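So the structure is just underneath, and the comments pick up after that.
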Amino acid sequence: MFEIKAKDNRGRVGVLKTNSGDVKTPNLMPVIHPRKQTIDVKKYGADIVITNAYLIYKDEDLKKKAAEIGLHKLINFDGPIMTDSGSFQLSVYGDVDITNKEVIEFQELIKTDIGTSLDIPTAPFVTREKAEADLEVTLERAKEAVDYRNSQNMEMKLNSVVQGSTFPDLRRKCADELTKLDADLYPIGAVVPLMESYHYKELVDVVMNSVAHLPDSKPRHLMGAGHPMIFALAVAMGCDLFDSAAYILYAEDDRLLSVRGTYKLENLQEMPCSCEVCCNYTPDDLRAMPKEKRRDLIAQHNLNVSFAELRLIRQAIYEGSLMELVEERCRAHPNLLEALRQLGNYSKDLEKYDPRSKKSAFFYTGSESLYRSEVLRHIQKLRAMPRKRDLVILPPSRKPYSKYVSSKLGNFYVYGSEQELDLNNTDFMVLDIPFGLIPLEIDEIYPLSQNESPRTWDVSSLEFIEDFISEFVEYYDQVLIHSNVIKKLDIGLYNIHSQSDEIRYAKDDLKKVKAIADYQFGVGAGDALFAGNIKIEKSKKTGKIRHIYDGKTLIVNMRASDSFLILSKEGAKRLHAATQYPKNRVVVNKDSEPFSLEGKSVFAKFVVECDEDIRAKDEVLIVNEEDKLLAYGKALLGACEINDFQTGQAIKTRKGMKK
């Protein structure tokens, strides 16, 4: 029903399959009023819409027509349709005269594609007692709806809505309980008041505590989120669908949506974008029009800008630049920036879903970039890597640092008691933003060279660097810090090492590839992969390492774009022999064994388990339940997703081990 096609952070480009067609996500569902609709939303990019089943049910004429001709003909939309159950009316008026079972039955009758149970929308900041009471009713109705749908063999997909007000633990509880029901989609409800009051920080807590406890294999719908300025942040948190009545409600009030906020027509001197409406009309033109015509044109603009933003977000996911877009969008309003900073508190969760390598470089746009998955991941790996006795800290230079390191390095100040140099027992690292300390032996692997940051460090960068140094100097007997670093950070060291002139970085390709293997596959992988008569072949054009052999037997290729090691059959055998189960492994069932041996790609439904540290784009070993090596390939999903999905590819197999 749902497959992931591309990933970045928790954002994903996916395909939602329904009885009325497929929908690419992230996507927006314009709200269609069954009586008042004046705009053909499909013309402006709508692949899926949402309408209110309760409003149709309450209108005898509409109810009769919908039962006779079906919902699609009633609202003149042949694509997928989601229906709400009347929960919004329940939240506004306090009651609706329809039961949960009746509204499920009616949605099936009118042939909606995705129906919704009658949940209780609990407003933000209510008492805990009310939130808990409402939640129990929501859970009871969700279970009733799923059971009834299944018992009646209904065709429609079913939403189960996550409630819990602004209590993170109640959101988690609700998500956990709904997951057990195995619904088809999971809306996150009662968030409109948070967005209307610019409580975006609280929105982050609500969404993250919901999404983290929902199945990765099902789409999530952020209910009522219709303003394009919030889309990028919401997608980065794992939301796949949005619905919007804002496009028409704002137009009724002469307000134009944009990714920077909302413009009032009365204040506009220039049109805010390059859509068809903005190119063909001036603010004065719109102000001079009859109300209805003006409303429809502004609504068209609002749809245009909303769908344009979603196209941009999907493209950012494809190229791996989603977080750069999020950081840009969240500077449109101080409360959004606060929300972005709050999202940094969830970096450990986000890291599980972020691919190891991306098509785009990492751009540092501010202190918030320091909390991104790539930075956290590097720090974790650096802490786990083996260390030598001494550490030399160098200032940043042109990238890759190891290629341009000078033969004469300059003066070095000593942290701790001075000892005689032992360059064979010394780690050389560059100090730079945003990754802190970068060992020269691994500096070409993504994203340690594939990043850009301002040469002028901001206060947050300086604090980050100082904390980094404070931690890592304690791991070494002697730390030698370059004079330029001392000056830049105003470090109070005054003793220049007596052998400063003798400090040299000796490039060693074998040590380099071993260090990269340890960084990529885990400590010990380098020695296991590169034992024997190792020969390293470089590109004549670029000088980069391309192939590594034991004699004439290929072990790995090094990918030029990110310096990741790509296993050959021999490399896979060596890594498998040297690592403990389930490290670097994806375990498939017996049905998949013969196909894996032949080099066929692995589908998620055949996976029994996998290493929990696997991330999308990782090179992995494919084994059976007895740990026999069957094949090797590239993970398309992270471990959490591989274990949860029952559809779609999990591993793109490079080669099977069949003789």
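Cβ coordinates come from backbone N, Cα and C, glycine included.
Quantities reported herein were computed from a predicted structural model and do not represent experimental measurements.
Database features (Swiss-Prot):
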ACT_SITE  Asp84  active site, nucleophile
BINDING   Asp119, Ala190  substrate binding site
BINDING   Cys273, Cys275, Cys278  Zn(2+) binding site
DOMAIN    583-658  domain 'PUA'
For Cys273 (Zn(2+) binding site): intrachain residues, at least 6 apart, with Cβ closer than 8 Å: Ser258, His301, Asn304, Val305, Ala308
8 Å Cβ shell about Cys273, Cys275, Cys278 centroid, Zn(2+) site members excluded: Met271, Pro272, Ser274, Glu276, Val277, Cys279, His301, Asn304, Val305
Length of the line joining the Cα atoms of Ala190 (substrate binding site) and the residue listed as 'active site, nucleophile', in Å: 13
Helix, strand and coil counts within the domain 'PUA' (583-658) (DSSP): 14 helix, 30 strand, 32 coil
Mean of the pLDDT scores, which run from 0 to 100, over the domain 'PUA' (583-658): 97
Cβ-Cβ neighbours of Cys278 (Zn(2+) binding site) (radius 10 Å): 21
Cys278 (Zn(2+) binding site): secondary structure state under DSSP, collapsed to three categories: helix
Coarse DSSP state, helix versus strand versus coil, of Asp84 (active site, nucleophile): strand
Least surrounded among the binding-site residues, given as Ala190, Cys275, when other CB atoms within 10 Å are counted: Cys275
